Amino acid sequence: MAERAALEELVRLQGERVRGLKQQKASAEQIEEEVAKLLKLKAQLGPDEGKQKFVLKTPKGTRDYSPRQMAVREKVFDVIISCFKRHGAEVIDTPVFELKETLTGKYGEDSKLIYDLKDQGGELLSLRYDLTVPFARYLAMNKLTNIKRYHIAKVYRRDNPAMTRGRYREFYQCDFDIAGQFDPMIPDAECLEIMCEILRSLQIGDFLVKVNDRRILDGMFAICGVPDSKFRTICSSVDKLDKVSWEEVKNEMVGEKGLAPEVADHIGDYVQQHGGISLVEQLLQDPELSQNKQALEGLGDLKLLFEYLTLFGIADKISFDLSLARGLDYYTGVIYEAVLLQTPVQAGEEPLGVGSVAAGGRYDGLVGMFDPKGRKVPCVGLSIGVERIFSIVEQRLEAELLYKKNPKLLNQLQYCEEAGIPLVAIIGEQELKDGVIKLRSVASREEVDVPREDLVEEIKRRTSQPFCIC
């Protein structure tokens with residue numbers, strides 16, 4: 001022990017000598033000589049096994065789940081899975097990693113976010129980026145042409161994480177897809193109905209589903225004068241309009257991607273429009289857009305889609321938004337994205353900027369990329385962004401208790417009304433004496449005395465409606 005202490009002191013003194021020489025701007029040769037002596041002393045010192053040399057933490061962009069968080073997560077999954085099953089979906093699973101060539105060229109500019117693994121036994125592998133490409137590979141490999149499937153699993157992206165907003169490098173996706181040949185827009189409408197069903201059941205706030213069509217975007221780019229080779233990269237720029245202003249997007253198109261300013265302005269005339277079926281009908285009469293075959297097909301399908309959505313009773317939740325682009329390369333038709341209009345905020349909380357909470361679209365050509373004969377299987381699907389939903393729920397739960405000594409009952413009831421808590425259990429002296437618990441409905445203010453042994457069943461009965469996160 002004494003020898004080590006003496007050696008540590010020599011290292012300290014030699015380190016001071018090196019720093020002193022640097023401050024004095026001594027010759028490089030002299031500094032190198034003294035640094036070499038310092039390194040030699042450190043080598044003799046060896047590792048200090050008594051000290052921990054690393055910070056104990058989860059990797060960047062990942063997280064652990066506590067029992068409480070797991071309970072919330074499982075409840076959310078139950079709601080989602082129940083909806084998928086009601087619509088006749090079967091569950092599948094695929095490997096967490098795929099051959100690198102399976103994933104290459106499917107994600108546009110986002111391909112740089114794929115995690116590549118080191119060579120393992122002669123195979124180049126990558127962690128899956130989403131569940132859609134593995135599903136297309138599964139269909140082609142098993143020669144399936146018709147299936148409704150759901151898949152809940154983790155995916156991986158080398159993204160810049162923003163964990164308070166539900167953005168991670170390892171996260172769950174909850175996917176539902178319909179593969180097969182059906183009448184136009186019926187599967188697409190069902191996917192949008194499922195999306196609305198789930199978001200309504202979770203009751204995390206009011207939402208809007210934006211829809212567009214890749215054929216309309218491509219037709220719009222063509223009539224505006226965008227070169228074919230720039231379609232996908234300009235599409236990625238347009239997709240940023242939900243986060244930044246049109247001027248910033250235009251500057252990126254012109255300054256970084258070499259688009260002519262007048263072409264960008266022409267695009268701006270279109271992508272800043274949004275509305276319902278009336279906008280679809282208006283664009284069907286547009287003198288330029290109506291002359292483009294792709295755009296005309298897309299607008300015709302959107303008009304039919306809105307008719308089905310009206311029958312489903314969800315047309316008021318859907319907005320035709322020409323700025324919605326969805327940057328993934330494999331989309332071929334209708335695309336959609338659900339966003340929260342107003343995130344739920346409790347007293348004293350900061351607003352939650354969690355972005356979209358669900359998205360999807362049609363990808364008719366993806367399976368054909370894996371089939372040896374290029375046979376296509378039409379597909380459409382959706383993905384629920386559960387990590388962002390977890391972030392909303394968890395922040396709401398943090399405001400669940402009143403941290404006050406002897407708070408007044410009226411204040412507690414008022415808090416429950418503001419927080420959307422449906423039931424209040426009241427236990428006073430009389431309730432303790434009678435062996436009951438007073439259960440109060442916050443909405444109706446009705447109160448009933450419930451025997452203690454029946455309380456759990458009574459709460460389950462009263463809350464057995466669509467799941468409410470309060």
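Positions of Cβ are set from backbone N, Cα and C atoms, glycine also.
Summarising the annotation, TrEMBL assigns domain 'WHEP-TRS' to 3-59. If you look up TrEMBL, you'll see 37-407 marked as domain 'Aminoacyl-transfer RNA synthetases class-II family profile'. Annotation comment: TrEMBL describes D130, L131, T132, R157, Q173, D177, R326, Y330, Y331 as L-histidine binding site.
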Just give the helix, strand and coil counts over the domain 'WHEP-TRS' (3-59), going by DSSP.
39 helix, 0 strand, 18 coil
At 10 angstroms around each C-beta, which of the binding-site residues T132, Q173 has the fewest other C-beta atoms nearby?
Q173
What whole-number value in Å do you get for the largest C-alpha pair distance within D130, L131, T132, R157, Q173, D177, R326, Y330, Y331, the residues recorded as binding L-histidine?
21
Using a 10 Å radius around each Cβ and counting other Cβ atoms from all shown chains, which of the binding-site residues D130, R326, Y331 yields the largest count?
Y331
